Structures are given as C-alpha cells and as structure tokens.
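Listed features, source Swiss-Prot:
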ACT_SITE  ASP78  active site, proton acceptor
BINDING   ASP78, GLY79, ASN152, GLU153, ASP182, THR193, ALA194, TYR195, SER196, LEU197, SER198  NAD(+) binding site
Amino acid sequence: MPRVGLIVNDGKELAVKTAKTFQKKLEDSGFEVVRVSSAGGLLGFTNPDQYMSSQGYNSCIPEGFDSSILFAVVLGGDGTVLSAARQTAPLGIPILTVNTGHLGFLAEAYLSDIDKIFKHLVARQWSIEKRTSLVVSVMRGDQCRWEALCLNEMALHREPMTSMCHFEISVGRHAPVDISADGVILSTPTGSTAYSLSAGGPVITPDCPVLQLTPVSPHSLASRALVFSNEEPVTVFPATPERLMMVVDGSAGCYVWPEDRVLIRKSDHPVKFIRLSDHEFFQVLRNKLGWGLPHVAKPDKT
C-alpha cells in the first residue's frame, strides 16, 4: 500500500476539518496516510541568554516520514507551506499545497478542487516543479550554533530601539560590500514576492538560478538590491556592537551576536511542488498581487 503524508495546520479549524475529509478519501483510494502537524516545521526563537544549539535542519522531519512517502498533501496557508517545506525537502517528498488560509500565493489547489485533486492523485497524473531552498547557518569560529532550511528568505535586522546596523557581506569570491541599513534580506526567487518585495526588491521568476540580496531601509542612495548566481555562497559579518535578530521564512529564528557570522548557501534539497495543471507564474502574480492589471478600462473590441 503506497504511503502518503498529510501535513495540517492544527491551529486552524478549517484545516483540521478538511484534513478528516482528505484522510478518509486518501484511505478509500488505497493510500496509507501518515498525518502530522505543520507545527513540527516551525523553528521557534532561541533564548538570547542561553547558548544556542544546532540539531541541523533534518530535525524538522516528522516522525513516520521517510523516503517511502510518495507525496504529502499540505492543508493551510502560505505559512503552513513554508513549515511543510522544511519537513519534506530533506527527504525529497513532493508536496501538494491546498489553501485553507488567506492569500494562498504558494497554493496549487483550493477546497473547491477536491474532486479534481483526487482524480489526479489516484491516477498519479501530476508534474513536479523544483524550487530553490537555502541552508542558513550561524557560525562562531568553526562551530555551527544554529542551522535551518528556508524556502523564502533569511532576514537579519536590528532589534527595536537600537541604532542602524552595519554589515560586511561577501558573495562568492567577489570583493566584499559594506551596507548600512536596518537590515538585509537574502532571498530565493520564491521569496522575491515576500519580504524582499516589500523592501523594494525585484520579482524573480521561480525558474531563475539566482539569489537576491536586498537592503532594508538603507542609508545610501547607492544601496540597491543585488541579483547573483545561486551557486555563490554568501557570508554576512555583523559590524555592529549590538546583537541582531535573524528571522527565517518570516516565522522565527535566532539572535546573532557581533562575534558570529551567517553563512547562506543553496541547499542540495530543493522543495518539490506537485502541479496538477500548467503553473503560469505571471497569472499568479496578476491574481494574487494585482501585477499587470490595466489602470484604465480597455475598449470593447466587439
């Protein structure tokens, strides 16, 4: 009997209710279902007064999940998808994202598509789209103090009521750059429509093999977003006396001290999205973010 995963946002009543329907339909279709909570993919925030420990990003893999899982259905919003990515990517498990949240930018299907979903799943008619993910590591000397996998971005910024930050950033073998700003964002193409977009960064189509560095409120007219190859590792050195906050995928992360450095590199484990139909990125931008909509009504051609 093929094994499949069901990752649910247990904090949302609609997701929990929908999970019961999905589990029954999957079992009736001949699948063994391993149901887990998306909370297992949440990172949490480390205590700034205690020494951080790193269990590696594999620690987010749920109990009962292994490489024999054919696919996992994810029920929730975009935050749930980001958590599920950390739970599945290390094992190479494809995810089918079903929106029970709000915007659903990362959703492939909706609750109104249930019949269509099961028709494709039972017939195993789908394609896989691979999205770049990142490994983010906080290093002190040769020791890794904290590590996580992320799909969208890593944001490193000042705490409230502290002064502007200074960063020295090295991209691959290029000359290091100095940035003075409230923070910096290192994002994937998937993350280019998230925090980076709000900070003035460009939208990047998901198939581009690049990463993006975006300053947050920089104190320079010359400081702008930079796009570069995703084969280039990035090192961020905090050049400021105060501790900084690092947030991964908008949910949680850790504190970074002046003696630490942050390493970011492309992960060997892309996030695999199941596509039931052609995924047209520009149409998603139009529908979800209003990109490319006409500002005036077009004349009737009839």
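Along the chain as shown, the residues are counted starting at 1.
Placement of Cβ uses the backbone N, Cα and C atoms for every residue, glycine included.
What you are looking at is a predicted structure, and each value in this text was computed from that prediction instead of being measured.
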ASP78 (active site, proton acceptor) and ASP182 (NAD(+) binding site), distance between Cα atoms, whole Å: 26
ASN152, SER196, SER198 as binding-site residues, winner by CB count within 10 A: ASN152
Listed recorded positions (ASP78, ASP182), ranked by Cβ neighbours within 10 Å, top entry: ASP78
List of residues, in chain order, with Cβ under 8 A from that of ALA194 (NAD(+) binding site) and at least 6 apart: ASN152, GLU153, SER187, GLY250
In three-state DSSP terms, the structure that ALA194 (NAD(+) binding site) belongs to: coil
Distance [Cα-Cα, Å, rounded] between SER196 (NAD(+) binding site) and ASP78 (active site, proton acceptor): 16
Maximum Cα-Cα separation in Å among residues ASP78, GLY79, ASN152, GLU153, ASP182, THR193, ALA194, TYR195, SER196, LEU197, SER198, which the record lists as binding NAD(+): 26
Rounded Cα separation (Å) that holds between ASP78 (active site, proton acceptor) and SER198 (NAD(+) binding site): 16
Structural state of ASP78 (active site, proton acceptor), classified by DSSP into three states: helix
